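The structure is given below, and queries will be raised subsequently.
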Ligand SMILES: [Fe+3]
Ligand SMILES: [Mg+2]
Ligand SMILES: [Zn+2]
Ligand SMILES: [Zn+2]
């Protein structure tokens, strides 16, 4: 790839490679912006994606860039509708990689039921970027009857986890560092909107939603407990972790609770509605393994505990930089 | 106070004087007032004695020579458990007082007095306990002014029954008479009780239903233990889980239920003779076993009736003697040794409340022997060993806590929270620092709550106003969170500096000194994991003058649990990729080929492989290389195996650990590489493990001397968990003395992280005094 500046070369790149991949009438209008129709309250979010490597088992930076933003909209209790895409390409990026990434984005958008309606592409000199960066912004239509968020969390709420944890972070690490695990770990990267919307469709009172990205389950729960001013207790035995992921975590000395995910979320719903929520979630592939992992308690504010073997509770902390041994 | 007419006879006037004596130290709850009463009345002196928050106050008048004799008696022959830190005498005008009395305690005012630890049953009480004609025959709560519960029942100060857990038990007429009779040895024995008025026993089945009461409960519990069941026994500072120590199946069941595969259990024996029958008991060990604190003492085990699973593969046995009347009765009833391990779930604090015990220990115990005297604060058994023939405390708890150490140059109000494992708390006062009891590891939410409670308890009990919370640098330590929640301004003291300060403070010393701080892991101010440190401390600060040459720990904390990883990291640091092929070495062979490759990548890429200068991890690596331990299920397991391997009679030529001078401004390094080369050569040559282990320890002792010479400090402090290794400490002490240095090592304060709180408080205090920031 050697398409500095703007002009013809860039136009050819976009026409030949990017626009077909995204295949949207709004893009085809070749206008400065998209004209959209929305009714009712909307959710709006943006995120930038800089993951290395660009391609990993179970996905690539393109899938992440679509799912990440779509999932953030879903966590607001919104149906994702429109996405913008900003690509920053480094001179020298193999065209094959670019082709794959934009194809993934198109496919991911289709799978998520979202339209890529506006975009921008820049090529920068070699050394000014690391291969490829993507920014996406998304607009969704709010379907939650009341705002979802930590403020809605109440004692007695069930904590539902949508599936097994740790696969994305371990897949990325294995691909980046070249760890040759016996069983290849695939990222859990997936669109979560359909599963989340099913909760609302089933009439579940959803108090809070949070996708588990960086910092893993531990960080998500601590953030929610702190913001809600409540305590959360989870049960170690209830948290699904695939055997090969667990083995990899043990070998590398990592805590699966702190490993990143890209297709997992937690939902806080009234305890009495937990079964109904599970029923709704399990109909959708990325949440087919949904389980209740714990419950919200009144106090102490901000404390997350995990009940392990013998019923001993340990305190779960947010990941702060590198994990350093504490045992003296 | 009576104000009688002044005597008119001029001769009598000349001879009569009035003194006010203030006695500070451990002077309450030890029979001090009756002692003063007896001494004063015997000399025909008039006046009064009373407890105050500052200590014991005596105003006494009479013949000047008799006054001096009383003062000398107080100084020279105080009650057995008293410890006087100060005796002040002030001259007052005589008032012509008559008679001597014990006055009511005075509450309020500054509290400088010492809290008294719990005391083992005395000989006289034991004799009564076993005397069928005594009214307290077989009464499991008998005590007197010389023995019984103290710290475990104190709710507030000054020490009076109304401010202890005994306030729930109104004295009967007989007990009341004893309590008020200055000539009785139960005069003001605050926990005084008898079967008519005091606490009672009950035996509960696993669901809490009462099976028996009083003596029947005791007999029933003994029967259950005899039948191989596990009984949770509420003792002095908490519950024990008790099982027949000879019964292989019972011990195996206890291990399975506690999920504690290897960590040794303590064994309570019915008598000293029973211990002597299977352990080597030196005169010093005997004194320690029989001391009022009655700690668990680690003794060489010769062999005998104890099931091997009590202390698997361990040449030492943790033995203790009964220390309450309840334990005396139970062990007499049984006549055989029992495992007596803390009644808790792994990682949780010892359970003190019988209702809570039913819930927390339900899966562990088959029955509960309980009583209705509340335990005010949890106290585990203290643990001690002998180093160079002298006692060293490894766990500062029942019978020892709280400890007050006089420290100069430290202001009051520094509240220290300790580390993460083996935590304790400390508080500075005007003239001393008080170290609370061992709290255990802050790995569970319950332990974190106990830690917060202990901080609050110390402050309240000592009526202190803390100004500053002092903690460790490590952001992941749970103690840090507790300190944050105190709302106090906070400072941190580097982990290894706190170790060094603790040892100095224990000996009543101050900088300058060379601190040799060797332990498992602690966060250094540079953000890396330290643990093999040589720190020069002065009155105004400190400097790291040397460290162990760093090596990586593949998998971070996983390397603490798996010594084979420390070995791999060490070999990798020495030999690079070549290390991965050294599968003739046990730790390398202990990995599957795929694991080895991945860990190799981890090391090459530096992912979760933090470099460390930890001496503890170097010991782990050596133990793994010698095939002694590849995985540890408790702290220090591998290092202990290496220590035991270096038995007497296997002197090896010391391995070389040269101290490499660094460039200007950089830190010198203790290089393990020549020792590693020699070690591998010896392993491959089939040299006896004992010889290798010996050469290892002696090499490190020589390295300490070299570092001391390099530092040019006469005083050398040995602190940190590595100096729980008696062999290392003994050879290091001998080598330092031979080199003309003055070695200081831990005696009363644990060398492990149990001493951190003390060190934190003292170092922060010293730096405050010097006008320095504690972290400077
Ligand atoms: Fe330490
Ligand atoms: Mg995001
Ligand atoms: Zn006694
Ligand atoms: Zn009585």
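Every residue, even glycine, has its Cβ placed from backbone N, Cα and C.
A TrEMBL annotation is a machine prediction, not a hand-curated record.
As annotated in TrEMBL:
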DOMAIN    B:18-104  domain 'Acylphosphatase-like'
ACT_SITE  B:33  active site
ACT_SITE  B:51  active site
DOMAIN    B:215-399  domain 'YrdC-like'
Could you tell me which three-state DSSP class residue B:33 (active site) falls into?
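SS state of residue B:33 (active site) = helix.
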Calculate the distance in Å between the alpha carbons (Cα) of residue B:33 (active site) and residue B:51 (active site), and round it to a whole number.
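With the alpha carbons as reference points, the distance is 8 Å.
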Including all protein chains displayed, how many Cβ atoms other than that of residue B:51 (active site) lie within 10 Å of its Cβ?
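25, counting other Cβ atoms within 10 Å of residue B:51 (active site).
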What is the three-state DSSP composition of the domain 'Acylphosphatase-like' (B:18-104), stated as helix, strand and coil residue counts?
24 helix, 38 strand, 25 coil
Roughly where does the domain 'Acylphosphatase-like' (B:18-104) sit in mean pLDDT, to the nearest integer?
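Across the domain 'Acylphosphatase-like' (B:18-104), the average pLDDT comes out at 91.
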Tell me, how many other CB atoms lie within 10 A of the CB of residue B:33 (active site), whichever protein chain they belong to?
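Its Cβ shell of radius 10 Å holds 24 other Cβ atoms.
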